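Undergrad: Questions regarding the structure given below will be posed in turn.
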Amino acid sequence: MARPEYQAPPEVFYSECEARKYSQNSRMIDIQVQMSERAVELLALSDEPHFLLDLGCGSGLSGSVLEDQGHTWVGIDISSAMLDVALERDVEGDLLLGDLGQGLPFRAGAFDGAVSISALQWLCNADKSSHHPAKRLYTFFSSLYACMNRTARAVFQFYPENSDQMELVTSQAMRAGFFGGVVVDYPNSTKAKKFFLVLMSGGAAPLPKPMGESEEKEGISYTSKREQLKKMRGKPLKKSREWILEKKERRRRQGKPTRHDTKYSGRKRSGRF
Ligand SMILES: C[S@@+](CC[C@H](N)C(=O)[O-])C[C@H]1O[C@@H](n2cnc3c(N)ncnc32)[C@H](O)[C@@H]1O
């Protein structure tokens, strides 16, 4: 089947029907969450909460990974149907409808980092006669460079169609002022192979190590049990009472309507109705 970018422009392809899959299809949800977790790992943030951007935030699955790790985020997406799903999911991030190819409307140096999951390849396509992919990528990367602070990284999981596309994307990012390159996880696996463009705004640093370079097995999970436990240390278990109370506290700090805490908050339901 043709790649999604060849089927329709993103604001059309990500229709209500496509957007629904991001709240109903557990396999799609799992993949988005796994790739987002890996992107956050590649951001190499310090332990404090940070102010992050989600570029092509869609239904907010990737944003939820950011908020679960204690960060505050702002998301931008071109599809109103995808953003409607994010609103239904009641995500904590602020959402903006906009086209990355027209540049980002944020204050200089505002963000500590940015993630983007499966969106960047869309910018390599010309959907209108006025679209020039190299120019759109440059406009996007320059505005991203401007709104990030000088220690920040941006990590993009993306699906380059070929080496020319990879070259197009990286050359426009470097032209805009970034350092960095592409990290390929599980390079020997057709199913698990994933491309992450890691951009640094404050000077050159060694690229992070790819995962699974020597793995031949397909469909390997991103984080081994040991690594997962290491990451979780000191953080409340997802959906536990403590996790729910922390999440509610963050919402209150953001001035969002939040129910009072009671002795019933986070209790396990019996499953019977
Ligand atoms: C695979 S989805 C990402 C889903 C998202 N990570 C989530 O948690 O739901 C790719 C997203 O990129 C967005 N996108 C594609 N081209 C875009 C553009 N030029 N500007 C803004 N968003 C774009 C699409 O609308 C879509 O929501």
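One is the number of the first residue shown, and numbering goes on along the chain from there.
Positions of Cβ are set from backbone N, Cα and C atoms, glycine also.
Copying in the features that TrEMBL gives for the protein in this structure:
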COMPBIAS  212-230  compositional bias 'Basic and acidic residues'
COMPBIAS  239-248  compositional bias 'Basic and acidic residues'
DOMAIN    53-126  domain 'Methyltransferase type 11'
DOMAIN    200-270  domain '18S rRNA (guanine(1575)-N(7))-methyltransferase Bud23 C-terminal'
REGION    207-273  region 'Disordered'
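Can you walk me through where each of these features ends up in the structure?
TA: Nonlocal intrachain contacts for the compositional bias 'Basic and acidic residues' (239-248), taken as residues 6+ away from its ends with a CB within less than 8 angstroms of a stretch CB, comprise 67-68, 70, 92, 258-259, 261, 265-267.
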Undergrad: Can you check how the pLDDT averages out over the domain '18S rRNA (guanine(1575)-N(7))-methyltransferase Bud23 C-terminal' (200-270)?
TA: 72
